Amino acid sequence: MTGSNEFKLNQPPEDGISSVKFSPNTSQFLLVSSWDTSVRLYDVPANSMRLKYQHTGAVLDCAFYDPTHAWSGGLDHQLKMHDLNTDQENLVGTHDAPIRCVEYCPEVNVMVTGSWDQTVKLWDPRTPCNAGTFSQPEKVYTLSVSGDRLIVGTAGRRVLVWDLRNMGYVQQRRESSLKYQTRCIRAFPNKQGYVLSSIEGRVAVEYLDPSPEVQKKKYAFKCHRLKENNIEQIYPVNAISFHNIHNTFATGGSDGFVNIWDPFNKKRLCQFHRYPTSIASLAFSNDGTTLAIASSYMYEMDDTEHPEDGIFIRQVTDAETKPKSPCT
């Protein structure tokens, strides 16, 4: 099933995989959070699990603060910081409901969490302590850091753009250009916009500059749809990850496929083989050479028999990730 450019990690989580994140400066280490209440650190080239720590409920997201510190949150409402060298942990704080998103903003040096309690909280990683709580209009489903800005996707198809240096007011309030519930938002590495996916097999490419001439460039497209017996099956697009160098992006859907897209020329660059089950999370390494793919059943069809959850590590090439022609 897997070729010479791809392998499956040993010792995968024992339940659904919620998030995969590479270390900020190397493709050697991968952080993985899971519904089995664990966060795991893998040494990717060695194909071994280096460390595991627990929450008291399913872990919904994790992030590196720096190469030696992991942050994580989930259904137990707790935000933890774990020292990956000493295996010591610190309960940093809590939300009033499950923590859905954990991200680090290097430009402002804050950790950001988003919760189903309808707030975003900022955390000073040096102390560590809470550095502010900011109300959102609905439950937070997804968020992404773009330079010193924060893009938040909530229930009710709302999108909010915040300035992390001045959280006193919302910079922009938007509505998703897609008709159905938002599943994932990820910011372009060039900081000009973001990509948003929905549960209804669609992706939107959006721009942050509100001027009419820039807004004219935004568009949306259908993807992760399969014709079966002449009936189109439409799948949620669960995961997005950007290639830091080329500003192209990968999407993963509940159809088990990973696609790589060129947003400038509006083209699909490639599609990988079908994975055993839904793609729950994706992460490019910082240098863009490696893609981590979490194939993990997301209970779209209730608790039926399903393939084992797994993490695939794929070496990707420029041919798969680089825009084909000069972008005008």
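Heads up, the Cβ atoms here are built off N, Cα and C, so glycines get one too.
The ubiquitin cross-link annotation in Swiss-Prot covers K216. Counted within 10 Å of its Cβ, the other Cβ atoms near K216 (ubiquitin cross-link) come to 9, all protein chains included.
According to DSSP, K179 (N6-acetyllysine) is assigned to coil rather than to any helix or strand. Remark: K179 (N6-acetyllysine) has R157, S198, E200 as non-local neighbours, by Cβ distance under 8 Å and separation of at least 6 in sequence. Look at Swiss-Prot and you will find K179 tagged as N6-acetyllysine, backed by a large-scale study or a structure entry.
Counting same-chain residues at least six beyond the ends of the repeat 'WD 1' (4-44), those with a Cβ under 8 angstroms from any Cβ of the stretch are 50-64, 66-67, 70, 72, 74, 82, 84, 106, 280-287, 289-290, 292-294, 296-299, 308-316. Here Swiss-Prot flags 4-44 as repeat 'WD 1'.
Taken together, the residues of the repeat 'WD 3' (87-125) have an average pLDDT of 98. Residues annotated as repeat 'WD 3' in Swiss-Prot: 87-125.
Residues annotated as repeat 'WD 6' in Swiss-Prot: 217-263.
Break the repeat 'WD 3' (87-125) down by DSSP state and the numbers are 0 helix, 26 strand, 13 coil.
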